[in-house]
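Database features (Swiss-Prot):
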- 15, 51, 85: [4Fe-4S] cluster 1 binding site (BINDING)
- 161, 165, 168: [4Fe-4S] cluster 2 binding site (BINDING)
- 6-124: domain 'MTTase N-terminal' (DOMAIN)
- 147-377: domain 'Radical SAM core' (DOMAIN)
- 380-443: domain 'TRAM' (DOMAIN)
């Protein structure tokens, strides 16, 4: 008798941490005999790996569940799982069960490694499960990691966050900060390099505070030194960096390590000291501007990107003007801009001075117009230069072109053969757009 094919599809929402979680769940399922499929209609298991940083992300999940309900009606044996940060919030798992009773499994951030076993139990018992445990359990090592997916890979170095910014739900759903042992991180990086990976991105909610809980003297600068020493590795990236914890030692370390890319994602969130204090960010605009100057002094040509929130409770027009002024001063290469979204359970959600959506939308529009003009001007200044690009594969918008990224994290689109995927090539930049540049490969 031929065994039934076991298939799965994971749909990921949110940040790189979620992308890495999804990779881990895929590895666990493949080790359990499942195979990934491209289309939801082909899947015996569908998993939504969720984000709850903003209300919009949660609404996308509820919308997707509505679409998947039709598949469940056509195939009652289909297992539907909702996993990740959204589920970890108090009361949300029960809310999902009420709104979407056809969901079979609700799985918290601290229980993802139990996924294959839980799916088999659900298939055998025909009974839904809610498994939402402590999000601050010990770091689990030696989970299966299948062959690398191309030349790039994410490597988690910390879990959780200790900062408790007043707008942010992450510490409540990811738990307190826990660092992985450096030897386990280096082991994983070496294994990835042996499989053909040449670029790793080190992941954490705040990579700059890596090692504080290990009590053996290791910090993020020291970890970067060790990763930089791995033979065969060509590039190191890292996200996210908290400005408060970006030490002078870290700046100088990054400046002299040849594999660390010349790009820092440095979320500022606001340009007003009053709003930064209300957010509990732990730094001032003056500190941030000094840090930017220090980075540019030590690392010529560095690109800087950031996150910005408009419409935080109590934000006045003068506060918002401070944000516009900071953006104009720093000249970010790119910025991820958002309207403030109240998150239940956070301090900011109950602050006085909640702003109307119309004001938030108007401020977001002005901020985006300013930043887009800066991004375009900075990209136009690069036209004519020759840059190193790691080819990531066919362009999503034009499959006949290749796409890749420079060391400064610029997205480059250029003609070339798909066999170059995973290779480092030289590209001369010929045209600039707001979000990307176009170019031509240089022979040899």
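Quick reminder: no glycine exception, Cβ is built from N, Cα and C everywhere.
Small disclaimer: the values here were computed from a predicted structure and weren't measured.
Counting residue by residue with DSSP, the domain 'MTTase N-terminal' (6-124) contains 67 helix, 23 strand, 29 coil. Considering other CB atoms within 10 Å as the measure, the emptiest surroundings among the binding-site residues 15, 85, 161 are those of 15. For the recorded [4Fe-4S] cluster 2 site, residues 161, 165, 168 set the reference point as the centre of their Cβ atoms, and the other residues of that chain within 8 Å of it by Cβ are 163, 164, 167, 169, 170, 171, 205.
Other Cβ atoms within 10 Å of the Cβ of residue 51 ([4Fe-4S] cluster 1 binding site) number 23 in total over all chains.
Note: the [4Fe-4S] cluster 1 site is recorded as 15, 51, 85; in the same chain, 13, 14, 17, 18, 50, 52, 53, 57, 84, 86, 170 also have Cβ atoms within 8 Å of that site's Cβ centroid. Note: the CA-CA distance between residue 161 ([4Fe-4S] cluster 2 binding site) and residue 15 ([4Fe-4S] cluster 1 binding site) rounds to 14 Å. Separation of the C-alpha atoms of residue 168 ([4Fe-4S] cluster 2 binding site) and residue 51 ([4Fe-4S] cluster 1 binding site): 12 Å, rounded to the nearest whole number. Helix, strand and coil counts from DSSP across the domain 'TRAM' (380-443) read 4 helix, 33 strand, 27 coil.
Distance from the CA of residue 165 ([4Fe-4S] cluster 2 binding site) to the CA of residue 85 ([4Fe-4S] cluster 1 binding site) is 17 Å. Annotated pair residue 51 ([4Fe-4S] cluster 1 binding site) and residue 165 ([4Fe-4S] cluster 2 binding site), C-alpha to C-alpha distance, rounded: 17 Å. Less than 8 angstroms from the CB of residue 165 ([4Fe-4S] cluster 2 binding site) sit 269, 279, 280, 281, each of them six or more residues away in the same chain.
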